[in-house]
Structures are given as structure tokens and as C-alpha cells.
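Below: the structure, in C-alpha cells.
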Amino acid sequence: MSTVSELNRYRDQAARLHTEISRHSKTVADKRKKAADAQSAASRSRSVSTVRSKRREVEAATTAANSAERKRADAEKKLADVERKLGRLQARYEKEQRAESQRSFNAIRKASSAATSQFGPFSRTEAPLVRQPENADVTDIFLSHASEDKDEIARPLRKALEDRGLTVWFDELKIKVGHSIRQEIEKGIEGARFGVVILSPSFFAKQWTQAELDALFTKKIDSSRSMILPVWHRVTKDEVAAHSPLLAGLLALNSATMTLSEIADAIAETVAEDGQ
């Protein structure tokens, strides 16, 4: 069983136990009140039969309340055990995610370093691997994303990258009124050293973002360069794999386990090492 599945199982158990504890607490309160009311009625009555009847009610309600208290205590004990296990598992999961993010970051840096000679300046006798059109915008980053993710991550990430000295191709800044969207995006991809792809549920739902991704993969294959840097946003590896096994196989940064600054730092360091 995966760590995520275990976490969900323990969370479900905890939720059920909380519900059970609440139910037992209500029973205790109701039965204690019933016993108190019966005791009060017995003390006011002058009828022997009524007193006996009310005392039986007191005894039955008290027994039921005591039973509910024992069940509540047992549920609270189980809940404490589940919450201890959940806490340890959550800590382990977060540690694993941080380690995975660090491994991804290190691997991206390693892949970038291995490709430095392909990204570096060309000699006079060396032909470029990819021809840059004269009218292409030469940038460090082509930022591919769904419009639904603009406010939450795309715009903040663009600003964070630019604050670190990187040039970023961003659609709302580069595509002007009257220009061909397709042609401008193609120029942006052609002129970019890296493609940062924000993978999210909205990204996978759009045909346009899929077309951008296809173009980036084509450039990657044609140039034999490690130039696609995925950023997972509100998606799991299984969800990515369901849409594209190739994408799931690429080492990625993850907004669930990294801050925006950490993601921007990782990308900026990769670009900087490529330029050395």
C-alpha cells in the first residue's frame, strides 16, 4: 500500500472515530439528564409505586450512561492511537516528498550540466543544433501553462524568475492584438532555451497546452537536449502518468512540497549552470 493510501485510510479511521465519540457523548448527556429528571421526580412523589418506577428509570439511565462512557473512552483510546500513527506517517510522507524534490532538483542540475556543451556558445566551425529564426524571441524560459493557473502560480512564477534575472516568454506579455497566436507561440518555443511546463488538471484539459507540450517535446527530441522542466501543480504522479507516461518519467519540481521561491531558485540555478 502506498503512503498516500495509508494516509487516507488513517484519516478515514480518525473521522469515523470522531463521529463515534460524538455519538457516545450525546448518549451520555441524554442518559445522565434522564436519570437526573427521574431522580428529581422520585424525590417529589409521595406515591410508593411512582418512586419505585422512577428509581428503576434512574438505574436504567445510569447504566446506559456508564456503558456509553466506556465505549467513548475506548473510541478515544483508538483515536489517540490512530492519530499517533497518522502523525508519524505524515512526517514520513513529508520527508519522502522533500527528498524526492531534492533528488529531482539534483537530477535536473546533473542533466543540465551534461547538456552544457549543447547549450553553450557555438564555435565558428560548429553548426547550431537548432536554427533560431531571425524573428524568434530569444529567452531563457518558455512558460507553458493553462489560463486557469495564471493567478495562482504562473504569474507569480514568471515574476520570481524575472526577479532572478531570467528572461521569460509569457503569452499575455508577448502576444499582441492582431498577431497570430499560433505563430507567436511557435516563435516563443523556438527561441527558448528551456520550457517550464506547469502540469495541472487544467493543463491536461486544454488542447492548446497539449499542442505547446507536443512542440516542446519535438524540440527536445530534434535537439537531443534536456530542456523541458516540469512543475507539478495540484497533480500526483499517477495523474500525470495517466495523461502522459513520458511526462511522468521526467524529473519534476512540485508545488505541493516546494515553495514558489524554491521552485524559481531551482530553475534559475539550472539555467545559470547551463550558461557556464
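Cβ coordinates come from backbone N, Cα and C, glycine included.
Just so you know, TrEMBL annotations never went through curation; they're auto-generated.
According to TrEMBL, the feature compositional bias 'Basic and acidic residues' maps to 15-30. Per TrEMBL, the feature compositional bias 'Low complexity' maps to 37-51. Residues annotated as domain 'TIR' in TrEMBL: 137-271. Positions annotated as region 'Disordered' by TrEMBL: 15-75.
Residues 64-65, 68-69, 71-72, 75-76, 78-79, 82 of the same chain lie 6+ residues outside the compositional bias 'Basic and acidic residues' (15-30) yet bring a C-beta within less than 8 angstroms of a C-beta in it. For the domain 'TIR' (137-271), the mean pLDDT of the prediction comes to 86.
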